[in-house]
């Protein structure tokens with residue numbers, strides 16, 4: 001990378017900001033390129049402002065360049081021993097059973113995800129909320145204009161609570177790590193998300209605890225660069241769970257939902273197992289989970305609740321389930337974990353709207369491991 005940066009500096013008179021030099025105020029500095037390479041050198045890249053002519057005539061012709069993409073907007077994906085939780089929310093009640101009607105309980109392993117880190121790549125988390133019980137750690141802030149990792153939108157807090165909240169969560173003892181890549185409006189640049197993923201890769205590689213799960217309830221147009229960044233994480237042993245999207249279309253048209261090494265999650269309704277009318281579908285969707293009217297923590301105060309719908313809400317159900325599996329039975333490489341998750345799932349219970357959905361989609365519904 002150094003020879004490439006030397007060339008870039010000479011050709012475009014650009015300064016190069018390494019990750020250690022970046023600050024919130026420098027995120028969108030047009031005079032510099034922003035390096036987001038991981039410390040192990042597996043994920044290499046940068047973002048910057050260039051003319052179209054330079055990109056076509058020089059940058060794309062270099063042999064040391066693999067992918068060149070115009071930066072684009074990604075956004076949140078919502079539409080609007082034996083432990084038993086009595087009167088749980090409906091989503092939790094559903095994922096410990098094979099079918100309706102529900103029994104009014106949520107049964108889960110006593111280990112409850114303890115010792116597993118769930119990186120929530122989102123709008124931030126309200127760390128002081130009582131549903132988290134002090135189990136939220138600050139990761140990094142990578143979005144332009146974001147002054148801290150505090151959640152100014154509410155989406156990230158809701159999703160984190162679904163994954164690992166004390167009351168609303170699947171894995172009630174897991175550790176949550178906030179990686180803020182989206183602004184108060186719930187959107188962010190693709191390059192900012194990749195920078196956040198690079199941070200997670202470094203954290204994982206440098207940590208003794210390799211029990212790492214990423215929950216990404218976001219997406220946008222298909223991006224080879226974002227898909228490749230996700231693949232670098234899974235190659236390192238990190239489990240990445242992503243939202244299928246809410247456009248009611250083939251999930252393979254978007255990213256990171258189209259990345260094969262990620263676990264892509266579609267959404268079902270709250271009163272039955274019908275696919276939600278907004279949920280994306282198709283061969284890229286690995287599993288379905290509850291995604292309609294999911295109640296979890298909110299951001300107005302430390303006891304606030306919010307109710308959201310989307311594949312955004314389905315995704316942390318799966319991230320929390322991976323934490324349960326790891327804490328109960330030990331970790332595995334991502335491909336083996338995906339097989340384990342599928343083996344636990346309930347088959348042929350999701351009701352699709354039409355033959356196109358049915359014929360192109362895997363029919364697996366999330367189920368947590370037995371206590």
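Residue 1 is the first one shown; counting continues down the chain.
Placement of Cβ uses the backbone N, Cα and C atoms for every residue, glycine included.
As given in TrEMBL:
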type     : residues : note
ACT_SITE : 122      : active site, charge relay system
ACT_SITE : 155      : active site, charge relay system
ACT_SITE : 312      : active site, charge relay system
DOMAIN   : 113-341  : domain 'Peptidase S8/S53'
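All protein chains included, residue 155 (active site, charge relay system) registers 26 other Cβ atoms within 10 Å of its own Cβ. On the 0 to 100 pLDDT scale, the domain 'Peptidase S8/S53' (113-341) averages 97 in this prediction. For residue 312 (active site, charge relay system), the number of other Cβ atoms no farther than 10 Å from its own Cβ, over all displayed protein chains, is 33.
Counting only the Cα atoms, the space from residue 122 (active site, charge relay system) to residue 312 (active site, charge relay system) is about 10 angstrom. You'll find the Cα of residue 312 (active site, charge relay system) roughly 9 Å from the Cα of residue 155 (active site, charge relay system).
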